[in-house]
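As written in TrEMBL, here are the features:
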type	residues	note
REGION	1-79	region 'Disordered'
COMPBIAS	1-13	compositional bias 'Polar residues'
COMPBIAS	58-75	compositional bias 'Pro residues'
TRANSMEM	116-138	transmembrane segment
TRANSMEM	168-190	transmembrane segment
TRANSMEM	197-220	transmembrane segment
DOMAIN	201-311	domain 'Phosphatidic acid phosphatase type 2/haloperoxidase'
TRANSMEM	240-258	transmembrane segment
TRANSMEM	270-290	transmembrane segment
TRANSMEM	296-317	transmembrane segment
């Protein structure tokens, strides 16, 4: 009808707006003032929340080297200066397998091994020589050997070139030689921090005195006639105790010193010198008229056996104390 308004809409009807409560957005809340209480009654934080972090243990820095005032670090040795530099000992690195001795020197790289076959052969030979000489003196007549040698040496002893040295050697072959050898062995023992040198030399000297004294009283042999003597002596003549002691001490000392020599020529010279001095000690006793030649021969044999026994016994004790490793 014309001239009248219709209440019905002439366009497309709008869809009805139905809001799902589950999907409805939360109403915005006004920011709470600082210091407001949350619903649980606890003061709310005033700043923005910090992200949660895993606490790690702090790294402990390595302590710096202790530095002495005005010098290098403490673990480094101070270099001596001036007079101290001249007096300070120089430490030289030693080769592997070597030990140090007192005084900073090097211990011998190896000891002379005691080989059983040569050692037993030498000991057996010296004991057989002593036994044969003893049998010749006690059971047979040794005059056919003693008298010609004794007369020849007595006739030449008055030469000025022989009388003085023979007298000197016969006095030095017992007491002074033993004291000097023992003191040298004591110094070597202190230097090596080992009792070995002193035991070998001192043991050989003690055993030589005991063996010679016992053999003298067992043989009960008189000396040559007193009118031939150039020095005063007492007691029995067989064997020559001077020769026994001199031979035993010289050979034991040569064994100890040979360990410190590197070349074969030096060791051969050392052993030759010890043998020559032992022989000269015996010859002087015959030349001075106080012993028969067989007394000296027995003394050389017994004096050789004594250090062999001492060295062998010491080597056996070392083997039982420090057995070799089993392979």
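Glycine residues also receive a Cβ, built from the backbone N, Cα and C atoms like all the rest.
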Stretch in 116-138, 168-190, 270-290 most in contact with the transmembrane segment (197-220), if contact is a CB pair under 8 A: 168-190
Top partner of the transmembrane segment (116-138) among 168-190, 240-258, 270-290, 296-317 - counted as Cβ pairs under 8 Å: 296-317
Folded-back contacts onto the transmembrane segment (168-190), same chain, C-beta under 8 angstroms, at least six residues removed: 102, 196-198, 200-202, 205, 231, 241-243, 245-246, 249-250, 252-253, 256, 280-281, 284-285, 288
Three-state composition of the domain 'Phosphatidic acid phosphatase type 2/haloperoxidase' (201-311), taking helix and strand from DSSP: 83 helix, 0 strand, 28 coil
Reported mean pLDDT - the domain 'Phosphatidic acid phosphatase type 2/haloperoxidase' (201-311): 89
